[in-house]
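Undergrad: Following this message is one structure expressed as structure tokens.
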Amino acid sequence: MVYNKEPESEPRIYGYTRTATTVLTHFMCISFTVFIAVLSRPGTSLFSWHPFFMTLAFSFFMTEAILLFSPHGSLAQKFPHKTKGRAHWILQCLCVTCAVLGLAAIVYNKHLNGKPHFTSWHGLLGLLTVCVVGLQSVAALPLIYHSLAKGWSLAKLKRYHAASGLVTYLLGSGSLLLGLSSAWFTASVGEYTWYLSALCTALNGLVIMNQVSRAYTAKKRLQS
């Protein structure tokens, strides 16, 4: 019937725009991570490892882990979904490892200097984010080893994982944004550099949020 023949494809310019946006996101997450690495100079002090590892975890590894599934500009676009899933989980494990190391560095640094722990919103949100991202990676095991998902449909697990993963990513982005307001960062950069860094983090969050929400909407449309 005529009313069932709805256009399945969108204007080509939209696809080009999303591809360009995804490529830009790759560039921004890599550039921001390199910038923080140069600024913090990891190894020069115990504290220097904290911004380096946290940025590596949430700006690079976690962003790239989600972009693997992007239909526009994924670095693993030609690989099967199963391979993407394994690569995604490996990147997430690297994210957790870096996040734990970054958390350990700042905790031990504060301990050595006799400073109180988790007294700022940045510290509290950062601690929450590290805990959540660890749980998120463990909870993803049934998606790789389906025998662990007894009593749960794989489709439902994927929906829950996508939704919780988006929340986790936004927590990480929020923690990075609060970190940009720290005394160390504001004293190390100028006003324009601060706004550019905040813009990179915010734009990455918007792109990831759009990717996950569009993928979920598309699946709902196919199931209806």
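In case you wondered, yes, glycine gets a Cβ from its N, Cα and C as well.
What TrEMBL says about a protein is an automatic prediction, not a curated fact.
Note that the structure is a prediction, hence the values are computed from the model and not measured.
OK, TrEMBL features for this one:
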DOMAIN    16-219  domain 'Cytochrome b561'
TRANSMEM  21-40  transmembrane segment
TRANSMEM  52-69  transmembrane segment
TRANSMEM  89-108  transmembrane segment
TRANSMEM  120-145  transmembrane segment
TRANSMEM  166-186  transmembrane segment
TRANSMEM  192-212  transmembrane segment
Undergrad: Report yes or no: does the transmembrane segment (21-40) come within contact of the transmembrane segment (120-145), defined as 3 or more CB pairs under 8 Å with a sequence separation of 6 or more?
TA: no
Undergrad: What else in the chain is close to the transmembrane segment (89-108), if you only count residues 6 or more beyond its ends and a Cβ gap under 8 Å?
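TA: For the transmembrane segment (89-108), the list is 46-47, 49-54, 56-58, 61-62, 64-65, 68, 117, 123, 126-127, 129-130, 133-134, 136-137, 140, 144.
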Undergrad: I'm a bit unsure how to read this: which one of 120-145, 166-186, 192-212 has the highest number of Cβ pairs shorter than 8 Å with the transmembrane segment (52-69)?
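TA: If we count Cβ pairs closer than 8 Å to the transmembrane segment (52-69), 166-186 scores highest.
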Undergrad: On the 0 to 100 scale, where does the mean pLDDT of the domain 'Cytochrome b561' (16-219) fall?
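TA: That stretch averages a pLDDT of 92.
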